[in-house]
Amino acid sequence: MRKAAHLLQTGGLVVFPTETVYGLGADATNKTAVGNIFQAKGRPSDNPLIVHLSKIDQIKKWISEIPPLAEQLIKHFSPGPITYVMNHQGGFASNVTAGLSTVGIRIPEHPLALALLELADVPVAAPSANRSGRPSPTTANHVAEDLFGRVDMILDGGSSSVGVESTVVDVTGEIPLLLRPGGVTLEQLEAVVGGVLMDAGLTEKPRSPGMKYRHYAPKGEMWLVTGDGMVEKIQLISREKVAKGYRVGVLTTSENKGMYKGITTIACGSRMKPSSVAHGLYDALRKFDEMEVDFILSETFPEHGLYLSVMNRLNKAAEGKKIR
Ligand code: TXA
Ligand code: MG
């Protein structure tokens, strides 16, 4: 841990576990180090990074005016899977914020992440530790698949408990603006602040630059299957595709896994337990790549709670392709 902290302090790249996904960290005040994050990931430079801090009382060191709305949310949800977009006063390297007047701040809730942030005692800019466009990593093995040899150190903290990224919420206005659904659900936010606006990348010029890029994508062509008779539709289409010579994979849940005889299936969790589906989602997408599946049919979920975040990621992975 001391070596990892020293690497961060001296401009190195350290991958560390968080409760959401693994992060690719560098000192957020070191422009060269931050530039190396973009390079290692192959990330477009107009997509800003989140800054990670070890303690709530560190926020005021970097943000001079914390909006009351932010204070309220921080009290309820931090440390945790949530990122607050607030106005900054220029303390971070310019490439962290991609030139925006705002910055995303998060205090993760993972003992290794917190220990590292505390030891390093620098603000740590960290996007998810995947190559750009790949599913986010939820294990150190996923990280190694994408970034081995491109970073100075990978800390292995086992599998990330939440499994989808943090909720990104812009707190610069009167009403919170949800930019990316994540580990903290819309319903949880609403219970604290009443109304929440949504801009999860559906508009032409999304407020969160990252939402416009293809994301979380497996290599195979992926379609989401929705509506009545979902299982029957998947059975029919998968058989047709197999007959045409495709390697077909079905993304399913433990409840339905037995329904697709003779087809490659991956159950990412139990439909009755949204947290298990979120936890297993990215590993499942990566497994399809390993199996060299070239056509993926995915079950879908009702868009409430954590399933709103799961469906957001599935939609991106499938580039919005749906069979109704
Ligand atoms: O759970 C997480 O948030 C993980 C872990 C490592 O903390 N990090 C993560 O970072 O997912 P990244 O870079 O993969 O996603 C950050 C998202 C992007 O969509 C980015 O565009 C958005 O947050 N974002 C960052 N700063 C922003 C800002 N100032 N305004 C609007 N969106 C911002
Ligand atoms: Mg990412």
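Using the three backbone atoms N, Cα and C, a Cβ is placed for every residue, glycine included.
Note that TrEMBL annotation is computational and uncurated.
Note that the structure is a prediction, hence the values are computed from the model and not measured.
Per TrEMBL, the L-threonine site holds Thr20, His52, Ala126, Ser166; the candidate it also names there, chosen from Arg2, Arg43, Arg106, Arg150, is Arg106. Proximity to ligand 2 at the level of Cβ atoms, with a cut-off under 6 angstroms, picks out Ser128 from the binding-site residues Arg43, Thr102, Ala126, Ser128, Ser166. Taking a Cβ distance under 6 Å to any atom of ligand 1 as the criterion, the binding-site residues Thr20, Arg43, Asn47, Thr102, Ala126, Ser128 reduce to Thr20, Asn47, Thr102, Ala126, Ser128. Using Ser166 (L-threonine binding site) as the reference Cα, a 10 A cut-off selects Arg180 from the binding-site residues Asn47, Arg180, Tyr216. Residue pair Arg43 (ATP binding site) / Ala126 (L-threonine binding site) shows a Cα separation of 12 Å. Cβ contacts within 10 Å of Arg106 (L-threonine binding site), excluding its own Cβ and spanning all protein chains shown: 26.
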